[in-house]
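Taken from TrEMBL, the feature active site, for EPSP synthase activity applies to Cys849. Annotation source TrEMBL lists active site, schiff-base intermediate with substrate at Lys1258. Here TrEMBL flags 94-97, 125-127, Asp130, 150-151, Lys172, 190-193, Asn201 as NAD(+) binding site. As annotated by TrEMBL, 7-phospho-2-dehydro-3-deoxy-D-arabino-heptonate binding site applies to Arg141, Asp157, Lys163, Asn173, Glu205, Ile206, Ile207, Lys208, Lys267, His288, His304, Lys373. What TrEMBL records for Glu205, His288, His304 is Zn(2+) binding site. What TrEMBL lists as ATP binding site is Gly908, Met909, Arg910, Gly911, Ala912, Gly913, Lys914, Thr915. For 88-200, the entry in TrEMBL reads domain '3-dehydroquinate synthase N-terminal'. Per TrEMBL, domain '3-dehydroquinate synthase C-terminal' is recorded for 202-375. Among the features that TrEMBL reports, domain 'Enolpyruvate transferase' is placed at 431-861. The domain 'Quinate/shikimate 5-dehydrogenase/glutamyl-tRNA reductase' annotation in TrEMBL covers 1460-1535. Annotated domain 'SDH C-terminal' per TrEMBL: 1594-1618, in sequence order. Positions annotated as region '3-dehydroquinate synthase' by TrEMBL: 1-401.
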Amino acid sequence: MSSSNPYPEPDVLKVSVLDKDSIIFGFHLTDYMIRDILTNIPSLSYAIITDKNIAPLYMQTITSRFDIISDELFSNKSIPTKPRLITYVIPPGEQSKSRVVKAQIEDYLLSQCCTRDTCIMALGGGVIGDLVGYVAATFMRGVSFVQIPTSLLAMADSSVGGKTAIDTPHGKNLIGAFWQPKRVFIDLAYLDTLPKRQFANGMAEIIKTAAFWDEKFFVMLENGEQEIQNAATNKDGGVEYQGCNLSTRTSSQSLLLSVLYEAVKVKAYVVTHDERESGLRGILNFGHTIGHAIEAILSPELLHGECVSIGMIKEVEIARNLGYLNQVAVGRLYRCLQSYGLPVSLDDKKVKDLVGSKHCAVDKLLDIMKVDKKNQGDKKKVVILTGIGKTLEKKATIVSDEVIRLVLSPAMKVKPVHESSFPSVRDITLVTPGSKSISNRALVLAALGAGVCRLKGLLHSDDTQVMLNALQKLGGAKFEWEDDGETLVVTGGGGILQVPNTELYLGNAGTASRFLASVCTLVQPSKLTEQNKHTVLTGNDRMKQRPIGPLVNTLRENGCDIKYIENEGCLPLAITPSSIGFRGGHVSLSASLSSQYVSSILMCAPYANEPVTLQLTGGQVISQQYIDMTIAMMKSFGIETERLNDNVYKIPKSCYRNPEVYVVESDASSATYPLAIAAITGTKCTISNIGTSSLQGDAAFAVKVLKPMGCNVVQTDTSTTVEGPPIGSLSPIPTINMESMTDAFLTASVLAAVAKRDSNNERVTRITGIANQRVKECNRIAAMVQELSKFGVQASELPDGIEIHGADISALKSLADGVNCYDDHRIAMSFSVLACVIPGGAVINEKKCVEKTWPQWWDTLERKLNIELQGVDIEAGNKNSLTALFEIGRKRKNTTPGKHNTTIVLIGMRGAGKTTLGKLASNVLKRKFIDADVYLEQSLNTTIDDYVSTNGWDAFRTKESEHLSTLLSQYPTDYIIACGGGVVEREVNRILLKKFIDEGGKVVHIVRDIEEVINYLNEDNSRPAWGEDIRNVWNRRKILYEENSNYEFNCMNITISNDLVTSNVIDLEKWKRVEADFIRFIKFLAGEDTNQVTDGKRSFFLSLTYPDLTVALEHFTTIMHGIDAVELRVDLLSDQSSSNSSSYHPPVDYVAQQLYLLRRHTHLPIIFTVRSQSQGGKFPDNKEKEMFDLLHYALKWGCEYVDVEIGTSRDLVTKLIRSKGHTKIIASWHDISGRMKWNGDEVKEVYKTANDCGDIIKIIGVANELNDNFALYEFVASLPSDSKPIIAINMKANGQLSRILNNTLTPVTHPLLPVAAAPGQVSVHEIHSARHLLGILPKRNYYLFGTPIKYSMSPTIHNTGFAVLGLPHQYHLFETDNIVGIEPIIESEDFGGASVTIPYKIGVLKYLDEVSESARQIGAVNTVIAVRDKDNKRRLVGDNTDWLGIMYSIERALGDSNSSYQESAGLVIGAGGTSRAALYALHQLGISPIYLFNRTLANAQSLAASFPSDYGITVIPSLSEPLSSPPQIIVSTIPATADVEIPKEILKFTEITKNKMGVIVEMAYKSRKTKLLQVAESFGNDRWIGVEGVQVIVEQGVWQFEKWTGCRAPRNAIEQKVAEKYTA
Ligand SMILES: NC(=O)c1ccc[n+]([C@@H]2O[C@H](COP(=O)([O-])OP(=O)(O)OC[C@H]3O[C@@H](n4cnc5c(N)ncnc54)[C@H](O)[C@@H]3O)[C@@H](O)[C@H]2O)c1
Ligand SMILES: [Zn+2]
C-alpha cells in the first residue's frame, strides 16, 4: 500500500443496515474512502484513532492521500474548506478498552480544539472500534463516526451493528452505548498484515453466522478453507492493488469477499430487525453464552473468537443432548472450526499451552453465565441449533442448569438403574455408529458405481469426512444429504474421474490415503486440460511418515505414473493420468504389511484395462478378514471376485452397479456396550444394524460371550437382540479365548466382574488371546485390573489375558475419585456399563475420550438407553487423561513433593553408551537399572537372535512393544531403563514414548558420533552383525530419536585441553570427563542437584563472547574466578572465520559442540542465551523459529538457565516454558532505544510480562545520566519482597553504578576476555572494590584461633582469595594460650569469622549463638561465621568444614578416576578429633562398613560408641587382620611421626578388584610423603590415589572461604600460592 501510484477506481459491494447503505466492501479502498467521507460526511476536523500495531503499517499512506485528495477537492470547489486531519495512537490490546484510555482520547480531542464538527474514524480491530465508537457517542453529546475495521473480527462482526463499549474491572463491555457509524469501510486489503491467529479469531464469528443462519453459506466455508486462507495472505498476489477492481481480483479474493459479505449481510439483517436486542438479535449470540463465560476466565490468553469456537461446540452438544441436533451436524461444525485453526475444546493442546494452569471450573462458568446481560432473570439462554443453518427458535432458548452442567463437565456420573429417577424401559431398539472400515469402502464403491445409492448408517468421523471430501473433489459422483444427514445419497460416476483443482489433503486418515492412491490412478487424461496436470495426495506431518511404498510399487509396475513429491515411500504423491491408466492383467502385491493395500487394489481392479489376477506375495497375509470384507462388499455392489487359491484373486473388468440402499453395518465393538447394558441390567436391547452376516469378529460377542453368561440372544442376518437375566445373575466363563474379538474383552471383563457363582461354585472368568491389548491406547489389561480393583473386584493379569473374580453387586464400592480412562474410549464405555449397577453409581473421568469412536455415547446412554447421568467437575489439575496411563502401578503418594523420581529412559543407537551411562545413572541416583534387551531375553527365556530366527522379526517387534509398554507402566518411577536401539522404529513404541514424555516422563537420547559407534561395534564381537549399513540406520533413526526424546546427552569426543593419545575408540581420559558431565546432567534431570545459584545469594555470571570457545580454554579457570554461572552467548558463536553476514546464525551441531566443550571444562551452571539483533545481539531478527529451536535444544541439553526475550511470540515462549523441566527461564528485555524510563509505564509492562513467563527477570535499560541508576534502584526496591529474582541494570558507562548495586546474577566481564558483552560491563574484582568504596561492603577481619599455628596455610589461602576477588577483608593469625583472649576480637564490630584449631575446637562453643548440624555431630567447631541479618544484627554460627575437606578430596580423587565407591568399605586410622570428622565424611559418602583402628583400642571403642549405630563403625584391633570387605577408602588422621606399622594386607582392595582404584587421604601435612602413602605407591600408580594433607587443607579452606564471603573461591590461584609457600 505504500505505492505512490493513485488507486484505481475500486469495484465495491454495499450492504445496508437500518435502511442506510452504509457498509462498503472492497480491496484497496483508501482513495475511495477519503473521497467518500470528505464529500458525504463534511466536517472541519477528521480524527483517526488507531493502535500502535496499525499506525506504522497504514497511517502514512492514509494521511498523505488525505492531503492530496482534500487539496484536489478543495481546489475544484467540491468542498468549501480544506479540513484538517489529526491522528492519535493508543497501545494495542483489550487493556486499552478502558476508562483511562477513553479519557486520554477525549483529552486529546479537546486539546486539539475539536468541536461538534468532528468526524471520528476508528482504524483498527474491534478494540479500536468499540472504544472509539463510544468516544464518538459521548463526545460533545455525539459526533459522526466512521469504522475502518482492520481485523477480520472487526470486519465480520464488531464494526457492524452500532454496539460500542469499554471494559471495567467488573467485566467486559459493561459501559457503552448504541451508536451507529455513518460508514463502515471493509477494506480486505488490510488482512494482508493481520497475524494468522487473529485471522482465525475472526473466522470464528463468520462460521458462527453461517452455522445458525444458512447451510449454503456454511458449505462455502467447509469447502473453501484453503482458498480463503490463501486470499487473506494474498499468496497468489503480485499485482499492485490486486483485487481493487474485478479485473485483478483472484478467485480466492472473491471467495473471501463473498464470505465476509454473507456474514455482514446476516448481521445487518438481524440488527435492522432488532437493533436494541429484544429477541432476534439474541441469535447472534450463538456460541457466546458459554464462550463469554470461558473468555471471562481465560482472557487474555485466549482470544474472543477462540472462546466462542469452544462455546459453539459446547452449545451444539447441548442441542444434541436435548435431542434437537444430530452428530452429523456437530461433527461438521467441529471439523470446520478445526480446519481454520480454531480450538474446539478446552483440552486442546494448543489451548493448554496458552492458558497454562488456568482452569475453567464448571461452577465458575455457571456463575459467570448467571450475570450475563443477555439472560432472562437467572435463567440461562442458549441458541439451540436443529441443523446446520437452522435454529429451534429465532432467538435464544432457555436451558436448564443441569443440562449445561452435564455438557460442560469433564467427568460423568452414571447412576445405577435401581437408584434412577427415570421411568424404566425394558425393550430398546438402537442403531449404533457405523463401522469405519465399511463406511470408507462403501463410499469408494458407491462413488465408482453406476446409479443412485442411499448410504445409511455411515460413520461420521474425521476419516470418513476426509474420504468424502476427496471423492467429491475427484468429480464424477454427486453427494447429497437426506434426513438431516442420516442418509447420504450418492449418484455414482461409473468410474469417470477428473484431476481435482486443489490437492487432496487427507490429514492423518490412513485408510483414505491407501484407498485413494489406487482410485486416483483411474483418473482419465483429458484432452481439454493441460498435459501435465496431476492429482496430489497429501496429509499432515504424521501422514507423511506412514508407509505407502508397496502399494505404489505395484501400481507403478502396472503402468501408473506416480511420483513421490517429498520422501520416497510416503505421501505426498503426484499421480498423473496416463492413457493406459491402471493396466491390469497379472498384478502382484506384497500383502504382509497391510491389508489396506490389497483392498485398495481389489476395489479399483474392475476399472483396469484388463481383468485383474491379483497375486499376494510376501508370506503371511495380514488381517485376512478385512480382505474378505472388501470382497463381500464388492459383491453387494455387483462384482464377484473369484479366489483362485489362498493368495490369488481374479476380478472381472466391469463397473459397480449401485444397490438402491446400502446399510452400513454397525461397528461391532460399539454394539457390545448397549448389549452389555441389557445383559447387566436385565433388560432387552436390539441393535438393528449388525447381525450374523457381519464379517467383524466382535459381532460374535453376543453369541460367544453374552449367551454363555446367561443372556437370551437372538440374531438375524442384520440384527442382534440380547435380553439379560435378572440383575446379579450373570454367569462366569471359566475360560474364553477372545483372540477374534480382542477389543470386546473390556466389555466382557466388566460383566465378569459381577458374575455370580456357577454350578461348580466357580466365580472366575479367564479371558485369553488378548495380548495385543497391552499396546492399544493404553495397556488395557493393566488398566482393567487397576480400575476394577478400585471397585473391590479382584482381577489379575495373565500372560496373554486377564482373570476376573466375580463379586456381589451389593458389595461393590462406589469410588470417590472415579474411573481413570487413560484416554481410552473403550475403558470409558465399558465402565459406564458396570456403573449401571454399582450402588451409588460411578464417576467416569475424561468423558471426552469416547469421541474417538462414539461422540454421542453419553447422549445415547441417557436419552436412548435410559441411564441417568450427572455432570461432574474434577479439581483443576487433578486428573489429566495422559497422566493416568502411567500411574498404573505407581506409588505416587509415596513420592515426597519436590523429589523428582520419574523413571528416566535412555534411547539411542546400539553402541552409543546407553548401558554404561545407564548404570552410572543408576549408581548416582541410587535407582534400579533395567536393560530392556536383557529384560526381554529373560522373559522370552531365549536370546533375541534365537527368538527372531524362530518367530520372525514381526513377532519379535510385537513382543518388544508389549514389553516396553509393561516396563513403562510397571516402573514409572525410580528406575533407569535403557531401550534397545531399534525401539523408535515402530510406531506403537513411539506413541508409548511420547505418552510417557507427555505425562512428565524423561526420555534421553544418548548421542555418540556415528563413526565412533561403528568403530566400537566392530570391536565388539559379542553381538550379531548388522544387516544394514549402520550409517543408513543412523540417518533414518536420527530424527526419530530426536522426536521421541525430551533430553539429549552427547558423548561427544571433544578435544580437551592438551590432547592425549587417541585410540580409535575413545580415550579414557576423555571418557572420564564425559561421565563427569553425564553425572551433572542426570542429577539435573532428576532434580537431585540442579546446580543452580541459590536464590537471594549475591551472584555473578560471566558472559562468554567468543565465536569459538576453543581459544579461551587456557584461561578458563582464571576468568571464572568468583563467578557463579557462565553465559554462552550462542548468537555470537560462529563456525566460520568470517561470518559478517547479518543473516548468519550458528548451526545446531556447532552450538552443541561448543556447549559440550564448555561443559567438559566447568561445572558452573550455564546460561544459554540467543540474543537477537534488535535486543543488541547478533541473531537475525527474522529467524524467530530458529531461535526457539535452539532454545528448545538448550532445554534438551539440560542447561541450568535459558534466556528468553520477552519481545518474541508469546506462543513460542509459552511452548518453551512448558517443556522447561528444571531449567530456569530468564525472561529478558533490553531497551536498546534508551528511551525506557525506570519510573515510567513501559518498564511496568515489561516487568509484568517478564514476571509472567520467567523464573528470573532481566531488564536492561540505558543510563544517560547517573540519576537513571537511582530510578532503577527505586524501581527494584519498590518490588514486593517475595518477588522473583531480578537482574536490573543500565548499560553504558553511566550505568556502571547499577551493575555495582545489582544483586542476582550480575553480568561481569574479565580483563582476559576479548570484548565485554555489553557496554559498561565491569569485573568481579571491580564490583567488590566499588562496593567497598560505597560503604556497602565493609572490611571484615578473619582470624585463626589456636596454638601452635605458626605454620598454618590458612592466611595464604584466605588472603589470596580476598585479593584475587577484590574483597577488602584480611585474615590474621591469633595465637593464644587462653581462650579468653579471643573475646575482644569476636566482640569487635568488624569481626567476620574465624578458623578454630587445637585446642579450642570445643572451647569456642560457649561463645556461639548457633551450631550447624555437622559440627554438632562431629562434636567440634573449626569455623566460626559472623552472620548478619537485614538489620545488621549479628549471630555467631559454629560450623565444621574439616569433613567437607575430607569428603570432597575423596570425591575429587575418585571422580577423576571414574571408579565408583558405592557399597565400598572405608577405614579410619586414629581416634583423635580429626577422626570424628573423617567418620562423619565417610558416612556422608555412603561408605559402609567403616573400620576404625587406633593403637589404643579403648579410645577407638569409645569413639565408635559415640556415633549412631547406622554408621556401621567396626573397631579393628590390628591393621594386618584380614577383613571381609577390604577398604577402598582410607583416611589416616595420625601424625606423620606416629609409629604405626602399615601392613600391605590393608591395601588388599585393589588386588581383588581389578578395575577399581582406591583412595588414601593423609591428614598429616607436615611431610608430603607419609609412610602410608609410600606403601600405597609401591602398588603402582594406577592402583591407589594418594591425597596429601595439604590438599585436604586447601579443600576445607575453600569451603570456609565460601561460607564466609558467599563468593566462589578462586581455587587455582589459591592452590598455586599454597604450593609456592609449601615448597618454599
Ligand atoms: N461491538 C461489537 O458488536 C463487538 C462484536 C464482537 C467483538 N467485539 C469486541 O472486539 C474486540 C476484539 O476485536 P479484535 O479481535 O479485532 O481485537 P483487536 O482490536 O485487539 O485486534 C487484534 C490484534 O490485531 C491487530 N491488528 C488488527 N488489524 C490488523 C492488521 N490489519 N494488521 C496487523 N495487525 C492488526 C491489533 O493491533 C491487535 O493487536 C473485543 O474487545 C470485543 O469485545 C465487539
Ligand atoms: Zn463475538
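Quick reminder: no glycine exception, Cβ is built from N, Cα and C everywhere.
TrEMBL feature annotations superimposed on the structure.
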residue : record                                                       : Cβ contacts under 8 Å, 6 or more apart
Glu94   : NAD(+) binding site                                          : Val127, Asp167, Ser299, Pro300
Thr193  : NAD(+) binding site                                          : Leu57
Glu205  : 7-phospho-2-dehydro-3-deoxy-D-arabino-heptonate binding site : Leu153, Ala156, Asp157, Ala263, Gly305, Val308
Ile207  : 7-phospho-2-dehydro-3-deoxy-D-arabino-heptonate binding site : Phe218, Leu221, Ser309, Met312, Leu333, Cys336, Leu337, Tyr340, Leu342
Lys267  : 7-phospho-2-dehydro-3-deoxy-D-arabino-heptonate binding site : Ala156, Asp157, Val160, Gly161, Thr209, Leu284
His304  : 7-phospho-2-dehydro-3-deoxy-D-arabino-heptonate binding site : Gly126, Leu153, Asn201, Ala204, Gly291, Glu295
Met909  : ATP binding site                                             : Gly981, Arg1008, Ile1010, Val1013, Ile1030, Val1033, Trp1034, Arg1037, Tyr1041
Lys1258 : active site, schiff-base intermediate with substrate         : Asp1203, Ile1226, Ala1227, Ser1228, Trp1229, Ala1250, Ile1286, Ile1287, Ala1288
Q: Would you list the other residues of this chain near ATP - those whose C-beta lies within 8 angstroms of the C-beta centroid of Gly908, Met909, Arg910, Gly911, Ala912, Gly913, Lys914, Thr915 - in sequence order?
A: Ala978, Gly981, Ile1006, Arg1008, Val1013
Q | DSSP residue counts for the domain '3-dehydroquinate synthase N-terminal' (88-200), split into helix, strand and coil | A | 50 helix, 35 strand, 28 coil
Q: May I ask which of the binding-site residues Gly125, Lys163, Leu191 is closest to Ala912 (ATP binding site) if we compare their C-alpha atoms?
A: Leu191
Q) Those recorded positions, Gly125, Arg141, Thr150, Lys163, Lys1258: which ones have a Cβ sitting under 6 Å from ligand 1? A) Gly125, Thr150, Lys163
Q | C-beta crowding around Ser96 (NAD(+) binding site), within 10 angstroms | A | 22
Q: Using a Cβ cut-off of under 6 Å to any atom of ligand 2, determine which of the recorded positions Gly125, Thr150, Lys163, Thr193, Ile207, Cys849 qualify.
A: none
Q: Excluding Glu205, His288, His304, please set out which residues of the same chain place their CB within 8 Å of the center of the CB atoms of the Zn(2+) site, keeping sequence order.
A: Leu153, Asp157, Ala204, Lys208, Gly287, Gly291, His292, Gly305, Cys307, Val308
Q. Cα distance, Ser96 (NAD(+) binding site) to Arg141 (7-phospho-2-dehydro-3-deoxy-D-arabino-heptonate binding site), nearest Å?
A. 22
(Q) Taking every protein chain in this structure into account, which of the binding-site residues Lys163, Arg910, Lys914 has the most other Cβ atoms within 10 Å of its Cβ? (A) Lys914
Q | binding-site residues compared (Arg141, Lys172, His288) - highest count of Cβ atoms within 10 Å | A | His288
Q: Do me a favour and check the Cα-Cα span between Gly125 (NAD(+) binding site) and Lys163 (7-phospho-2-dehydro-3-deoxy-D-arabino-heptonate binding site); whole Å is fine.
A: 14
Q. So of Gly908, Gly911, Gly913, which of the binding-site residues has the fewest other Cβ atoms within 10 Å around its own Cβ?
A. Gly911
Q: Fewest other Cβ atoms within 10 Å: which of the binding-site residues Thr150, Thr915 wins that one? Let me know.
A: Thr915
(Q) Considering every residue in the domain '3-dehydroquinate synthase C-terminal' (202-375), what is the mean pLDDT value? (A) 86
(Q) Cα-Cα, whole number of Å: Ser96 (NAD(+) binding site) versus Thr915 (ATP binding site)? (A) 58
Q) So how many other Cβ atoms are close to the residue listed as 'active site, for EPSP synthase activity', meaning within 10 Å of its Cβ? A) 22
Q.
Cα-Cα, whole number of Å: Lys914 (ATP binding site) versus His288 (Zn(2+) binding site)?
A. 54
Q.
Can you break down the domain 'SDH C-terminal' (1594-1618) into helix, strand and coil residue counts using DSSP?
A. 20 helix, 0 strand, 5 coil
Q: Work out, from DSSP, the number of helix, strand and coil residues along the domain 'Quinate/shikimate 5-dehydrogenase/glutamyl-tRNA reductase' (1460-1535).
A: 24 helix, 16 strand, 36 coil
